[in-house]
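In what follows, a single structure is set out as structure tokens and then discussed.
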């Protein structure tokens, strides 16, 4: 490969890494770079996630299994997954410098997990052949593969931030435990010798460890006011003890816990993002240095070379979009891009720009006289008027009232056909008014949703009516579908009210962030589920149907006789398979009645089993849920504020200068009815000589509230704290930055190497 082509390929790899915030050191030799491209190809990443999914799913088929399979089958599948993981790791080793590879903790974790899983399979298989009961102790290690492969950097970053937050959390937790133990000791001295009884006739607050557990449960409010009632019934003054305890531990301590968790998590997350931003800028500088040429007194990248780079980095964007980026990077149209403009290219590529082409309505082409007649214009003006939207809002609300009424009433049944007809007329009128391809453009989610619901409801209603008319038939399944679709139509009100639409769009845009924490929760749930199955499997049984067996009343375990667990009919809440385990853990996350579950499993095993449930509550409810809520709140505020970053402003400014801008409200109000997303059309000549005149039939719009990556949202959350011209410290300093470090230097791109 020619040196010029090799430099272009390497520069494209740097830009691609910067665009998607990858922080993977790789060899710069031509073959290694090509292997690196293959490593990051979506098919390779999809294959990795597929094998991780298969590996985690094996818990469904292993003992205790929801769907049992022979051990030989599950073990062969697991070995196949381990081979895939090893192959992925080997591929990574071929593109990464050897010293870097062996210093990377995540690579060591993957290798140890593979080795220990193989050892466990051999030992477990051998003992199974000898009919010796054993434990698959390596199964809780499976989430290691999800966390430590390069594709899961967001989950890994979340775990790393939580790990860095633990020291500060520990001090608050120790203080909270001190308060809990002190109040428990006071409760023992106050109530232990008064011969009080619980509602079940058991001694009240006579055992210190039981008191500690009950008081911890009270912090979660799950046993309030039950735990207080024996003392309160004895003397009304004793309520002051419990009120004081709840105020201090539930309200003050838990609030402080949330504040400390969030503050420290945010501090460490901000440090992670700062590293990410500095690393991204370093990669862009490296790419610039590979392609730069001397032009007068400064180094620049020629226009042709810049275009070749964009074709490698973003081959799917349209020529017009590429020309728009060039206009932004080369504002004065000098035929080259300077360093400062080039470095922000990664951010520009992450902004979703919709390219549109002006088109006429098909009816205006086929029947121009009819479509442009006075009556046609009148109909279209009505559809475009806000009153049309308000009218259908009223219809939707009236429809909601009819849905809540008795379906067996013939009048209500006929009214349903009226509402359905009105909705169909609405869709047809909109298609008559708005250009169909614009109406069903990819970014018009609510139009697609609305049309799908109406068509599906029409088909289901016709099908149900037809079946009823031809035979004595009453399909509950079809009726259920009809009822659900009728209720779903009410969601259309969200699209009609601006504030509702803004909130929904904001929630949709932060879904990638929520998915990151979903992966974090999955890892924790999976580990607790596997451990729970090993401890509690078979201890609680559920007997389906109307069985009259005596043991069914106490879940097949005599230890649960007359227990709150059995009285509440919680037998199906067990750890007998991975599905049931996840359901129990979800119930524990909700907190209500979690102490009943914990006490039930303690009865069938040992009192120490309560530590399993307390640990889960601390890890999930106190730590992860608090971090999740706080982080989503901040992400929501950032997104809801509708503030634009500097690079978005640069693109918008250039679009307006070129006279090819489209405002969001123009599309929503239907004033621009002849648009269509396209990947064709040129903004100008390839030589860069295009004028600033508005190109015929071509428009641009920024989907400014959308993010292609989670990292883009995270950076936006903290971008105000980093100067846009700050290149940051050296590579070694970046990797060693801590949350308490303040980088006081501020080298600009003009004086940076």
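Here the Cβ of each residue, glycine as well, is placed from N, Cα and C on the backbone.
As annotated in TrEMBL, transmembrane segment covers the listed stretch 242-265 rather than the other ranges in 2-25, 194-217, 218-241, 242-265. TrEMBL tags one of the stretches 445-463, 464-482, 483-501 as transmembrane segment, and that stretch is 445-463. From the options 559-581, 582-604, 651-673, the stretch TrEMBL describes as transmembrane segment is 582-604. TrEMBL tags one of the stretches 169-192, 289-312 as transmembrane segment, and that stretch is 169-192.
Per TrEMBL, the range carrying the annotation transmembrane segment out of 42-61, 142-161 is 42-61.
Count of Cβ pairs under 8 Å against the transmembrane segment (411-433): among 445-463, 506-528, 582-604, 611-633, the largest is for 445-463. Distant neighbours of the transmembrane segment (582-604): 213-214, 217, 220-223, 525, 528-529, 532, 536, 539-540, 557, 559-560, 563-566, 568, 570, 573-575, 610, 612-614, 616-617, 620-621, 625; these residues of the same chain sit at least 6 beyond its ends, with a Cβ under 8 Å from one of its Cβ atoms.
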